[in-house]
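Colleague: Pulled the feature table from Swiss-Prot, pasting it below:
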- 1-19: compositional bias 'Polar residues' (COMPBIAS)
- 1-20: region 'Disordered' (REGION)
- 46-66: transmembrane segment (TRANSMEM)
- 70-90: transmembrane segment (TRANSMEM)
- 113-133: transmembrane segment (TRANSMEM)
- 136-156: transmembrane segment (TRANSMEM)
- 174-194: transmembrane segment (TRANSMEM)
- 202-222: transmembrane segment (TRANSMEM)
- 257-277: transmembrane segment (TRANSMEM)
- 299-319: transmembrane segment (TRANSMEM)
- 341-361: transmembrane segment (TRANSMEM)
- 368-388: transmembrane segment (TRANSMEM)
- 400-420: transmembrane segment (TRANSMEM)
- 431-451: transmembrane segment (TRANSMEM)
């Protein structure tokens with residue numbers, strides 16, 4: 001499918017030393033640079049998603065204070081936690097096709113602008129119903145994750161996409177941990193000057209302002225692809241700011257929205273990855289929601305200490321999830337897609353076993369230590385999942401990313417509903433059962449098979465017809481001479 005009118009000049013970036021492929025995507029990952037559009041997109045994407053995580057998880061660390069003020073029952077608090085995840089299920093499913101149509105930059109900014117007033121409205125809640133509704137709508141902001149991963153896949157080539165996705169999402173997820181750490185401190189500071197019943201309400205002004213600020217930065221300094229911004233949804237026009245040249249693809253040459261949607265929904269690999277993400281990232285979300293209360297109730301630590309312990313779980317994302325992406329890329333380079341799948345299974349299985357152990361440790365410091373190690377593996381597993389996602393479908397990448405991302409929140413909703421709902425929940429038992437579910441569902445990775453690359457237990461298909469069909473939907477990496485190399489990754493059996 002060739003465009004009717006194409007700019008024939010090679011991509012021109014302010015950082016002329018950055019190596020790119022034929023589509024202008026960076027073949028190296030430089031997280032500490034701002035000179036190229038790739039690096040700027042990376043920093044804007046993770047910072048925007050960071051603010052959304054901060055907003056969504058700004059409520060749980062203040063739940064003991066809010067519950068006391070509004071007389072919330074344990075079942076109401078649990079229902080609100082489920083509601084926050086349920087909201088993001090629908091928004092993530094919608095975000096994928098939206099990114100395909102209008103681009104990740106605009107999609108991300110629109111979502112942040114729409115959800116910032118919701119977190120601000122948390123200061124106005126006065127009943128259990130309004131508390132649950134606020135958490136439901138605040139959860140919509142987590143769909144920014146889909147735009148984040150879509151944006152990285154548009155900017156970075158296949159040989160570094162696992163690392164780019166892992167670092168971008170990992171650094172963003174730290175927002176949940178920082179929120180657990182800072183919100184009690186913000187509340188305590190404000191409570192020095194205002195009544196407690198007012199102080200917790202004023203605290204929510206800060207995440208709302210932060211979210212709006214990042215949305216403005218995304219619009220001002222970001223661009224959808226290495227070549228420029230998508231101008232509208234009817235024509236795939238990309239404007240190159242430096243040269244004011246336009247790349248045009250006529251509408252009748254583009255895949256229609258329906259084709260994009262069907263291509264993603266009909267790809268079974270997307271649904272398996274959604275299940276795996278539900279019991280890696282979904283488990284992480286559930287832990288973020290319950291871990292502060294777990295240490296507060298079981299070990300009798302104070303609110304600030306519980307928040308600090310919970311924060312350490314989320315903050316480990318700064319290294320753990322990127323490590324998962326690095327492992328995926330390293331195994332992909334050495335063993336091909338099969339290496340990525342084996343790595344995912346091993347890391348997620350270990351995470352499940354550690355979660356089982358976390359619920360069975362009876363000492364405070366022992367629980368903290370196991371929680372730290374568990375956080376490393378469960379977050380790395382999330383990075384490994386999105387080390388596979390970009391290879392499922394090029395045409396329907398947004399839909400596949402949306403399905404997988406929604407799987408994370410569906411997993412969190414199901415897990416919290418089954419294991420952490422009600423007024424008489426034994427959280428230590430529920431945590432161990434959550435780990436067992438993680439271990440069992442990790443086995444589903446064995447069903448993922450790519451005709452040209454194989455799966456965990458068998459090599460690539462010898463059917464050229466099946467390979468040709470699949471290759472048309474997959475990301476293809478190219479070497480410096482433009483030769484496709486991703487379809488011939490080395491089998492291991």
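Residue 1 is the first one shown; counting continues down the chain.
Glycine too: its Cβ is placed from the backbone N, Cα and C atoms.
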Colleague: Below 8 angstroms Cβ to Cβ, which residues of this chain, lying six or more residues outside the transmembrane segment (202-222), approach it?
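Modeller: Apart from its flanks, the transmembrane segment (202-222) reaches 40-41, 44-45, 47-48, 50-52, 54-55, 58, 62, 105-106, 108-109, 112-113, 115-117, 119-120, 122-123, 141, 179, 183, 186-187, 190, 194.
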Colleague: Give the one range among 70-90, 257-277, 299-319, 431-451 whose Cβ atoms make the most pairs under 8 Å with those of the transmembrane segment (174-194).
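Modeller: Result: 299-319.
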Colleague: Could you name the stretch, out of 70-90, 113-133, 257-277, 299-319, 400-420, with the greatest number of CB pairs under 8 A to the transmembrane segment (431-451)?
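Modeller: Comparing 70-90, 113-133, 257-277, 299-319, 400-420: 257-277 has the most Cβ pairs near the transmembrane segment (431-451).
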Colleague: Looking at the transmembrane segment (46-66) and the transmembrane segment (299-319), are there 3+ C-beta pairs under 8 A, with each pair at least 6 apart in sequence?
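Modeller: The answer is yes, given that the two segments have at least 3 Cβ pairs within the 8 Å cut-off.
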Colleague: Pairs of Cβ atoms less than 8 Å apart decide it: which stretch in 70-90, 113-133, 299-319, 400-420 has the most with the transmembrane segment (257-277)?
Modeller: 400-420
Colleague: Let me spell it out: take the transmembrane segment (113-133), skip the flanking residues so only those 6+ beyond its ends count, and list any with a Cβ under 8 Å from a Cβ in it.
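Modeller: Sequence-distant neighbours of the transmembrane segment (113-133): 52, 55-56, 58-59, 66, 70, 72-73, 76, 79-80, 83, 140-141, 201-205, 207-208, 211-212, 215.
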Colleague: Are there residues at least six beyond either end of the transmembrane segment (400-420) with Cβ under 8 Å to its Cβ atoms? List them, or say none.
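Modeller: Contacts of the transmembrane segment (400-420) (Cβ under 8 Å, skipping residues fewer than 6 from its ends): 78, 81-82, 85-86, 88-89, 92-97, 99, 139, 142-143, 145-146, 149-150, 153, 264-265, 267, 269-271, 273-283, 285-286, 289-290, 382, 385-386, 389, 392-393, 427, 430, 433-434, 437.
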